[in-house]
Amino acid sequence: MGLGVVAAQLTRLGGALTTSDHASVVSINLFVALLCACIVLGHLLEENRWLNESITALIIGLCTGVVILLTTKGKSSHVLVFSEDLFFIYLLPPIIFNAGFQVKKKQFFRNFMTITLFGAVGTMISFFTISLAAIAIFSKMNIGTLDVSDFLAIGAIFSATDSVCTLQVLNQDETPFLYSLVFGEGVVNDATSVVLFNALQNFDLNHIDTMVILKFLGNFLYLFVSSTFLGVFSGLLSAYIIKKLYIGRHSTDREVALMMLMAYLSYMLAELLDLSGILTVFFCGIVMSHYTWHNVTESSRITTKHAFATLSFIAETFLFLYVGMDALDIEKWKFASDSPGKSIGVSSILLGLVLVGRAAFVFPLSFLSNLTKKTPAEKISWRQQIVIWWAGLMRGAVSIALAYNKFTRSGHTQLHGNAIMITSTITVVLFSTMLFGMMTKPLIRFLLPASGNATSEPSSPKSLHSPLLTSLLGSDLETAVPIIRPSSLRMLLTKPTHTVHYYWRRFDDALMRPMFGGRGFVPYSPGSPTDPNIQVEQ
């Protein structure tokens, strides 16, 4: 008798699980099919001057959301529920890591001071501009119970650019200087915005005094430096382990898996320690490309190159596809639907603040940066400044995730003011990505017509058997042309980039590469990446 009851209960439980599993399988099938459609359409629109894969995925997501809304009679518009954890823990790490892993380090570090100036100082200027304007304007609009901390959070949310979309509208080979500057600034900007947002949550901002501001700045600098250090340490540790153990002599799968897992571990450690995972995994990618990648076997180099790029590509497409679907979620709009005019007004004001906030630092900081440059070729031209300003106007998933974190619980809210801020954020993200993203390519071709023909650095190698991240021509020039050793403080001040690079190369060749490996510094050992027998067999 008892066994019969248990069997009946298990049968009912199994039926419920089967129903739940079936719904999950249907959702996953639909989403994977949409990802495939995005890839195919992205290929077909490769030469289109207006659309890119990000905008294509966004449009497909919006269209799918409309279809789901119609079929469910307005109950739902998506097949998966947006989660901050899904975004920050699973989707963002491979995108940012691959960006650091694939970046042209020579161009990136040549403009490192300008990138840091734009990414850190510029983001702070944009943050204060948007926050102060939001306090002045929204406090008079009666949009809900928003306090000072909410307005400051708005400043941090809308200071975060969409570096993912920027990667797709700029070309690293056609405009290397602009790419390194805008992309590098975008990564530092995202990290700075997230650090700012998290730092704001830890302070009582209703009683601001000098000590609170000093503590806030100190906490910000601590998070920035600590996150960078953790990323560099993780990359060096992976390089040292792979170099010393020669894991590839037994299994190339193990060294590839170790690289992937240690990169992800660096991000999760940063999140565990309440640091910036974005900065950590970005610098981990740079260090791994400089040391670890040269310590693995040739087949593992090819594998990691394509594996990291593929994971990043899928995560990017997934992200924009879901943002498009989630934008039509009826639950987010129904609490703001009683005042559509106010919601449109808030969205318009926020979009205007984004434009002003970015202009407030791009042009002044470009002017200051140009003062330190000696030749016209090194200076940021007026046309380039316009492109830099325009390319950073897009807002994306970072803004949406931070807005969800601040104004909702589990993606929903019943507070009128919070609902307006959520819907306004979604509107700004859609409008900026669609309009500014579509106009970026034509704008670059109009302002910089010769960018496709004249590049300041040779294109990255296309052959899989060539070094991935540095140009052979560039590295040969570095060793063949002697750099004059600075003999005074004046030389250091007039040519800081060349001076720092000169001393870094000496330090890197004398200490870092012999210890951690790298191109030309991996010692011969049977079964190691430099074993001539292995090279011949390959």
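In case you wondered, yes, glycine gets a Cβ from its N, Cα and C as well.
Here's what TrEMBL has on this protein:
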DOMAIN    32-444  domain 'Cation/H+ exchanger transmembrane'
TRANSMEM  26-45  transmembrane segment
TRANSMEM  57-74  transmembrane segment
TRANSMEM  86-103  transmembrane segment
TRANSMEM  115-139  transmembrane segment
TRANSMEM  151-170  transmembrane segment
TRANSMEM  177-200  transmembrane segment
TRANSMEM  220-242  transmembrane segment
TRANSMEM  276-294  transmembrane segment
TRANSMEM  306-324  transmembrane segment
TRANSMEM  344-365  transmembrane segment
TRANSMEM  386-407  transmembrane segment
TRANSMEM  419-438  transmembrane segment
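Counting Cβ pairs closer than 8 Å to the transmembrane segment (386-407), the top stretch among 57-74, 86-103, 115-139, 220-242 is 86-103. Below 8 angstroms of C-beta separation, residues 120, 191-192, 195-196, 198-199, 248, 255, 258-259, 262-263, 265-266, 269-270, 273-288, 290-292, 295-296, 515-518 of the same chain, each at least six residues beyond the ends of the transmembrane segment (220-242), sit close to that stretch. Pairs of Cβ atoms less than 8 Å apart link the transmembrane segment (57-74) most often to 306-324, out of 86-103, 276-294, 306-324, 419-438.
Here the transmembrane segment (86-103) has long-range neighbours at 163-164, 167, 180, 183-184, 187, 190, 263-264, 267-268, 271, 277-278, 281-286, 288-289, 293, 308-309, 311-312, 315-316, 318-319, 397-398, 401, 468-469, meaning same-chain residues at least 6 beyond its ends whose C-beta is under 8 angstroms from one of its own.
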